[in-house]
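**Student:** What TrEMBL shows for this protein is this:
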type	residues	note
TRANSMEM	B:21-41	transmembrane segment
TRANSMEM	B:74-92	transmembrane segment
TRANSMEM	B:104-123	transmembrane segment
TRANSMEM	B:135-163	transmembrane segment
Amino acid sequence: MSIDPNTTAGFALIVAAMAVAAYLTRIAGFFLMSFVSVTPRVEAWLKALPLAIMGSILAPIALHGGPAEYAGFAATVAVFLWRRNDILAAVAGMAAVAAMRAALGG
Amino acid sequence: MPADRMRGIFTRDGFRRGFMEGMALLPGMIGFGVVFGVLAGSVGFTVLGASAMSVFVFAGTAQLLALHSWGGSGTLLAAVVAVVAMNSRYILFGAALQPWMRGAPPLLSYASLFLLVDPNWAVAMRERDMGRRDIAVFVGMGVASMICWLLGTIAGSAFGQLLGDTRRFGLDFFLPAFFLSLACDFWKGRDDVMPFVAGGLVAVMFDRYVGGSWHVLGGGVAGSLAGAFWPRRRAA
């Protein structure tokens, strides 16, 4: 297939294909789940899902991270426990990472 | 749909609450948009082209990955594969949203899902656990995210080259930090160890041997099933 992304038509076609693919990933699970009845086991699965996702997102970052990322994680947890505010904690984590990267020259 | 069945499922107040919470994520979303805009500009995107992609695809990590192999005749396939690989986690996110949205008109649900991103999904799960079912919170936050993402894209593709390396602002860490603080928020006790740790371990394996963001799907499935089948210490 030869779609040239440097032409307007080619670019538009590729963006359209990406948009369809992205929307399909957003509705696929929702669509399939509408045929599933929520038994206690399914409810337990859905309850466990957010933390499983969060563990999955964070573990590789922790594994690949260095001192700056660890400082960021620590600052996030500390500020969350202090103020119980999700966004404030995230901003603190980001600031800690920026400060550490500046200090370490990385 | 009779009005009483719809009550509380889509309120103006919920939209405002979601929108404001989404606006609080502004630095991270705009920053991420800038990162994308800068890279898009560097592979030859116009501001209009980058903006169109951000609006219609609306998936930061997928768009960034697509840029890696942009340019040749194989771009179409590579870009679609990038989207599926990075957005695979949304299959799981959508499944988790479905019971929460039951009772809403299908058209509203399917339209709302266009705005599904990481932060509004996490906030919807928080609302669910608090016993609230106002979809407008999810939509309001999605709209705010879209606005920030678009503003960032425009700024990045128009002026981004002036910024230099955006990593020094720690912007790439904003979303992980947000997820970590939400994990603290979700944490109720020992029953939460199993899904979190099992998900993390499986995700590390996927990250190492598969790539993309399949680790979120793989770890999410494994961790949540482990959590569902592990004997609970207290009644659910």
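Residue positions begin at 1 at the first shown residue.
Cβ coordinates are placed from backbone N, Cα and C, and glycine is handled just like the others.
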**Student:** Under a Cβ pair cut-off of under 8 Å, which of the recorded stretches B:21-41, B:74-92, B:104-123 contacts the transmembrane segment (B:135-163) most often?
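**Tutor:** Of the candidates B:21-41, B:74-92, B:104-123, B:21-41 scores highest.
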**Student:** Please indicate, using numbers and ranges, the residues of the same chain that are 6 or more beyond the transmembrane segment (B:21-41) and have a C-beta under 8 Å from a C-beta there.
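**Tutor:** Same-chain contacts beyond the flanks: 47, 49-50, 53-54, 60, 63-64, 67, 119-120, 123, 137, 140-145, 148-158, 160-161, 163, 166, 169, 171-172, 174-175, 178.
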